[in-house]
Structures are given as structure tokens and as C-alpha cells.
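Quick look at what TrEMBL lists:
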- 6-85: domain 'Shikimate dehydrogenase substrate binding N-terminal' (DOMAIN)
- 14, 15, 16, 59, 84, 99, 208, 235: shikimate binding site (BINDING)
- 63: active site, proton acceptor (ACT_SITE)
- 112-179: domain 'Quinate/shikimate 5-dehydrogenase/glutamyl-tRNA reductase' (DOMAIN)
- 206, 228: NADP(+) binding site (BINDING)
- 228-257: domain 'SDH C-terminal' (DOMAIN)
Ligand code: NDP
């Protein structure tokens with residue numbers, strides 16, 4: 001049986017095992033997916049090889065370490081400089097980022113989008129901003145503090161901290177901050193959000209499985225809203241395709257969605 005894991009710290013909360021194992025079962029694939037708690041991200045490649053894993057996902061806080069340690073990084077991950085998927089290809093560790101295309105697929109259900117305001121500047125924001133930029137969708141980053149904006153400036157992405165933001169029109173507002181995850185905060189000033197929502201059509205929160213204060217406010221202001229479930233599912237489906245080397249049809253992806261929602 002082929003072995004797969006998710007590396008993280010903490011990792012106990014992860015729903016990836018339920019989702020991936022549901023996919024293996026639906027496909028009749030001889031694989032098992034488990035959790036691997038990893039303290040020190042710098043040894044991620046050694047752990048991957050030592051345990052004879054065929055593939056892995058990587059979550060917080062190891063995505064940058066996983067990028068730096070891989071034998072080969074493919075696709076948009078080279079620009080993002082963070083990866084969430086490892087594959088064992090003839091003893092070589094190949095790395096991908098499926099968060100970026102997973103996000104793009106998740107927002108397909110909205111109408112045509114030309115411009116996006118992206119709240120937050122962490123690892124997820126990097127993946128989302130570069131994915132949007134690659135699709136020629138105009139993206140503006142707004143973050144609480146200045147420190148993380150350097151990366152975006154180097155990629156010619158307009159970026160502001162709360163202090164110097166200038167409001168304009170956006171089709172979609174994305175919350176990629178962790179505000180709303182545990183603490184019930186808005187990701188930025190309420191008045192600023194309400195002003196942006198006056199002209200925006202859609203709001204997306206990367207947080208999965210709850211209506212965050214951000215989404216609630218967007219809905220109150222008449223926007224179409226979506227949480228992070230589809231993003232989580234699609235990044236998992238794309239990783240699953242790398243794991244199994246097979247294209248996933250709707251039956252398998254819906255089995256994976258069911259697995260994701262499994263409360264057991
Ligand atoms: P990071 O820790 O890398 O970045 C967090 C960002 O949030 C920073 O820009 C930080 O600002 C900002 N922030 C944190 N707290 C607040 C607050 N109270 N108010 C305003 N801004 C705040 O996190 P990630 O990018 O890895 O993850 C972000 C979110 O995305 C998480 O909630 C995570 O669960 C979710 N996620 C969802 C996925 C999915 O598939 N649905 C996939 C990956 C992530 P500052 O720079 O000032 O500290």
C-alpha cells in the first residue's frame with residue numbers, strides 16, 4: 001500500500017486525511033493517508049524519504065521549508081516560494097503548489113472578475129496574488145502591517161498597509177488573513193470594508209466551514225459570498241491527481257468533499 005501524509009505543526013485538526021482517504025476508496029486505489037506532526041521543517045525532505053512516502057501535503061508552518069528542501073519545484077510554486085505538495089518521483093522529491101490553482105477554481109462559480117482586493121499578505125496571499133496575476137486579473141494587496149509587502153512589491157503587485165490604502169472599485173474582495181479563524185475579528189476597519197463593499201460584487205474567505213464576520217458583513221451589504229471549502233477541496237483534488245497520476249472526475253471529487261465534511 002502506498003503511504004501519503006500531511007506534514008504540519010499543529011496537524012491534529014487537519015481534514016486532509018478524511019478527504020484523501022475518501023478519494024482513494026472511491027477510486028479503489030491502494031493508498032493510505034495519515035497525519036505527520038513535524039516540529040522541525042528543515043528536515044522535511046529527510047522525513048519524507050526515510051518514511052518511504054509516495055506523496056505528501058504540507059501545511060502551516062512548513063510550506064517555505066518544503067520549498068527550500070525539494071529536489072525540484074514545478075509550476076507557479078517557483079514564484080510563490082512555498083509548496084503544499086510533495087511527490088516521490090523515482091527517489092526524487094518533486095514539489096508543487098496546488099493552493100494557487102485551487103483558489104482559481106474555487107472562484108470560478110462567481111461571474112467574470114477583473115479586479116480583486118486581497119486582504120492579508122501571508123503565505124496564502126502570495127499563492128492567491130500570483131495565481132490572479134497569472135490570469136491577468138488586477139490584484140491589490142492590503143495588509144495590517146508593512147513587513148510582508150516586500151514580496152508583492154517585487155512582483156509588481158500594488159500593495160498597501162492599513163495606513164496608506166486608497167479606496168477604488170473591485171469586483172471581488174478576498175480575506176486571506178487569519179482574522180476570523182479563531183478570533184472573531186474583521187480583517188480590517190469596518191468602515192473601510194463597507195466602502196469597498198459598496199461597489200464590489202463578490203466576497204471570498206479562505207477560512208473554511210463558517211460564516212466569518214467578514215463574510216457576514218459582505219452578505220449584509222448585498223455581496224455574493226463564499227467560504228474556503230471549495231479552495232480546500234480543489235487544492236486536495238489537484239494534489240490527489242499528482243498522488244494517483246490520474247485525472248479526477250466529479251464522482252471522485254464529490255466523494256472527497258463528503259470525506260472533508262465527515263465529522264468522525
Ligand atoms: P499567515 O500566518 O502566513 O498570514 C496571516 C495574515 O493574516 C498576515 O498577513 C497577518 O497580518 C494577517 N492577520 C492575522 N491576524 C490578523 C488580524 N486580527 N487582523 C488583520 N490581519 C490579521 O497565514 P496563511 O496565509 O497561511 O493563512 C491565512 C488563512 O488562510 C488562515 O485562516 C488559513 O486557515 C486559511 N487557509 C485556507 C486554505 C483553504 O484551502 N481554504 C488554504 C490555506 C490557508 P500581519 O502581516 O500584519 O501579521
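Each Cβ is built from the backbone N, Cα and C atoms, and glycine gets one as well.
Any TrEMBL annotation is an automated prediction that lacks curation.
Features recorded in TrEMBL, as mapped to the structure shown.
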residue	record	DSSP (3 states)
14	shikimate binding site	coil
63	active site, proton acceptor	helix
84	shikimate binding site	coil
99	shikimate binding site	helix
206	NADP(+) binding site	coil
228	NADP(+) binding site	coil
235	shikimate binding site	helix
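Listed in sequence order, 57, 58, 59, 63, 66, 96, 97, 98, 99, 235, 239 are the same-chain residues at least 6 apart in sequence whose CB falls under 8 Å from the CB of residue 84 (shikimate binding site). Cβ contacts within 10 Å of residue 228 (NADP(+) binding site), excluding its own Cβ and spanning all protein chains shown: 22.
Taking a Cβ distance under 6 Å to any atom of ligand 1 as the criterion, the recorded positions 14, 59, 63, 84, 228 reduce to 228. Counting only residues at least six positions away in the same chain, the Cβ atoms of 6, 8, 35, 59 sit under 8 Å from the Cβ of residue 14 (shikimate binding site).
Summarising the environment of residue 15 (shikimate binding site), the number of other Cβ atoms within 10 Å of its Cβ, over all protein chains shown, is 17.
Cα separation, residue 16 (shikimate binding site) to residue 228 (NADP(+) binding site), rounded: 14 Å. Shown in sequence order, 6, 57, 232, 236 are the same-chain residues outside 14, 15, 16, 59, 84, 99, 208, 235 whose Cβ sits within 8 Å of the Cβ centre of the shikimate site. A simple way to gauge crowding: the CB of residue 99 (shikimate binding site) has 30 other CB atoms within 10 angstroms, across all the protein chains here. Considering only the residues assigned to shikimate binding, 14, 15, 16, 59, 84, 99, 208, 235, the longest pairwise Cα distance works out to 17 Å. For the pair residue 208 (shikimate binding site) and residue 228 (NADP(+) binding site), the C-alpha distance works out to 4 angstrom. If you measure from the Cα atom of residue 228 (NADP(+) binding site) to that of residue 15 (shikimate binding site), you get 13 Å. Listed in sequence order, the residues of the same chain lying 6 or more apart from residue 206 (NADP(+) binding site) and placing their CB within less than 8 Å of its CB are 103, 124, 128, 174, 175, 176, 228, 231.
Each residue of the domain 'Quinate/shikimate 5-dehydrogenase/glutamyl-tRNA reductase' (112-179) gets a DSSP state, and the totals for helix, strand and coil are 23 helix, 19 strand, 26 coil.
When Cβ neighbours within 10 Å are tallied across all protein chains shown, the highest count among the binding-site residues 16, 59 belongs to 16.
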